[in-house]
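Now, the feature entries from TrEMBL:
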- 71-91: region 'Disordered' (REGION)
- 133-162: repeat 'WD' (REPEAT)
- 163-205: repeat 'WD' (REPEAT)
- 207-248: repeat 'WD' (REPEAT)
- 249-281: repeat 'WD' (REPEAT)
- 311-345: repeat 'WD' (REPEAT)
- 378-419: domain 'SOCS box' (DOMAIN)
Amino acid sequence: MANKPSKAKFIGELLVPVAPFDQKSGREAWTVAFAPNGSYFAWSQGHRIVRLIPWTKCLNSFSVDHGEEDTNALSPRHLSRQSSNGGQVVPAAGQPPEHTIDCGDIVWGLAFGSSVPEKHSRCVNIEWHRFKFGQDQLLLATGLNNGRIKIWDVYTGKLLLNLMDHTDVVRDLTFAPDGSLMLVSASRDKTLRVWDLKDDGNMVKVLRGHQNWVYCSSFSPDSSILCSVGAGKSVFLWNMDKFTLIRKLEGHHHDVVSCEFSPDGALLATASYDTRVIVWDHHKATILLELGHLFPPPSPIFAGGANDRWVRSVSFCPDGRHIASVTDDRLVRFWSIEERAPLAIASVSNGLCCAFSAQGSVLAAGTRDGSVHFWECPRSIASLQHMCRMALRRVMSTQQVEALAIPALLCDYLTYKVI
């Protein structure tokens with residue numbers, strides 16, 4: 001019998017200013033994001049506004065010791081409605097500035113991108129460019145209701161680029177993690193588009209294959225594979241060197257709305273309105289684990305209909321051992337890849353999205369009223385075996401591991417068959 005899940009530790013919240021004339025519609029926090037280097041937190045707080053807050057400021061306001069996983073004895077705090085509003089906040093000396101950005105339209109997607117100077121653009125004719133992205137460059141891409149993508153300089157809050165090609169809502173954005181500043185946008189116009197920001201935002205490729213809206217996309221850690229999901233039961237995998245479809249993963253019974261690779265690239269988690277998160281071995285197109293949010297699980301015919309367990313978002317913890325999910329039953333669940341039942345749960349009304357901090361110690365979840373809630377991720381010490389497995393799987397596919405002359409049990413462990 002599985003243990004009863006514990007209650008996840010709530011550490012704070014960011015609230016949006018409420019005006020008397022505010023309506024619920026248009027206030028949704030459709031997306032939250034952490035900068036890869038842990039410097040900033042961004043969220044779309046509804047009504048066209050994106051807030052950029054230094055993550056240390058968030059942690060300090062929540063009384064969480066920055067960089068540590070412990071919290072002190074103080075009760076959870078929240079940034080007041082006044083301090084989380086307002087324009088430019090004057091930072092203390094040496095502190096990164098806070099920004100409030102008006103994007104001009106409802107913001108559906110957010111992504112941070114940082115550059116690695118030695119990583120060249122794939123564009124051949126680099127004679128002259130408006131932007132020379134340096135080592136400390138940090139960009140924020142915002143996907144808008146009108147199909148535009150706006151690129152902002154995080155440190156100054158200035159608009160750098162306006163990308164116009166999509167003909168419908170840009171639902172999701174993701175940067176290649178290799179620092180090449182390749183950006184992928186997923187849209188309701190049924191396409192994914194690949195942009196090269198080192199080439200002044202030039203559009204490199206249109207990926208077609210989805211028959212309906214595309215909800216979400218995610219890069220593998222080595223940037224070689226892109227996963228995309230949408231209104232449909234299939235999970236698409238793309239080769240990002242050739243921009244070709246590798247395969248479709250079949251197993252969900254309803255729209256697939258969120259996807260993310262594990263930090264070692266060995267696993268892929270996908271969330272669906274069919275009440276399940278599936279953890280795949282995407283190299284072999286096999287299902288390793290199903291995380292069910294409704295018991296007993298609905299039969300395929302009922303999983304395709306309306307229910308109160310639609311999974312809205314899934315996020316893989318940077319430790320490679322935990323997964324978070326946000327569901328319409330007003331719960332956030334923390335799962336271990338070693339268990340089929342949640343480790344911890346927390347209440348959140350009308351949750352829409354979730355993301356782990358760069359270190360993985362905190363989970364943020366955005367809601368329909370534009371606010372963001374934060375919890376500590378359940379803590380445990382990773383085994384040496386798991387750390388070795390992650391190190392190996394970062395550079396080897398399942399097929400390469402299976403070709404090694406090693407005992408079957410070790411092979412099963414390294415390929416996550418025995419978790």
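Cβ coordinates come from backbone N, Cα and C, glycine included.
For the repeat 'WD' (207-248), the residues of the chain that approach it from at least six positions outside its boundaries are 171-172, 174-178, 180, 182, 184, 186-188, 190-194, 254-261, 263-265, 268, 270, 272, 280, 282, 285, 394, judged by C-beta separation under 8 angstroms. Listed as Cβ neighbours of the repeat 'WD' (133-162) (distance under 8 Å, sequence separation of 6 or more from its ends, same chain) are residues 33, 35, 37, 39-40, 42, 44, 50, 52, 88, 96-97, 99, 101, 103-117, 168-173, 175, 181, 183, 185, 187, 189, 195, 197-198, 200-201. Here the repeat 'WD' (311-345) has Cβ contacts under 8 Å with residues 2-3, 5-8, 257-264, 267, 269-273, 275-277, 279, 289-293, 351-356, 358-360, 363, 365, 373, 375, 377-378, 380, 382, 386, 390, 416, 419 of the same chain, all six or more residues outside its ends.
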